[in-house]
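Under the heading S-adenosyl-L-methionine binding site, Swiss-Prot lists 82, 103, 131, 132, 148, citing sequence analysis as support.
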């Protein structure tokens, strides 16, 4: 009887996951996250600038500097959304290289495609609607995979990391730019106040959707801490994994290699 009860509890745990602070069935989370990004896609870039005071551009510049991407290489911009990374990598890899902007959300992908075309970024970029857990690419395809502020929204992060590992070429690297845990308590307290009191209000005013930005704050708190994500990447097969705390750990950049 005890064994049966334990087995039932384990099965239920395996079938559920977090959507912010809520516990939901795994098959529900993907649609719930999709609804969030369908809602915010049109003003996603504006909200990034407002909520980070433009600092997200510095975080992204540092990520590009750490990527080691060169002319002629192939880059996967996963959960690439509105295409900030794709625009930069397109110029770096040049005509002989290729960038794939992949996102599971059709609204985000459409905004990204329109934005890059308006900027004249064409020719070496492909757009693919794809689930990070089941990437539709052959083994050993990319020199670099970048996922920026997307991993925390993935239902099965371990499966997604293994999928990223699979599509990387030997010698390739994965970069994960994501919100993390502040390393100083005073900053953590201020950040918590900002996240739960300011973010939803700004979202309500600008996007008319406070709930999506409340989810943003909650999803950050549920995301693995720096050392936990490092361990997850190592379990997925990545080697020489390290991370950099940016803005006192509000954001962290993890980097790992496939050898």
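Cβ from N, Cα, C; glycine included.
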Sparsest-packed of the listed binding-site residues (82, 131, 148) - C-beta count within 10 angstroms: 131
Least buried by Cβ count (within 10 Å) of the binding-site residues 103, 132: 132
Span of the S-adenosyl-L-methionine site, taken as the largest CA to CA distance across 82, 103, 131, 132, 148 (Å, rounded to a whole number): 17
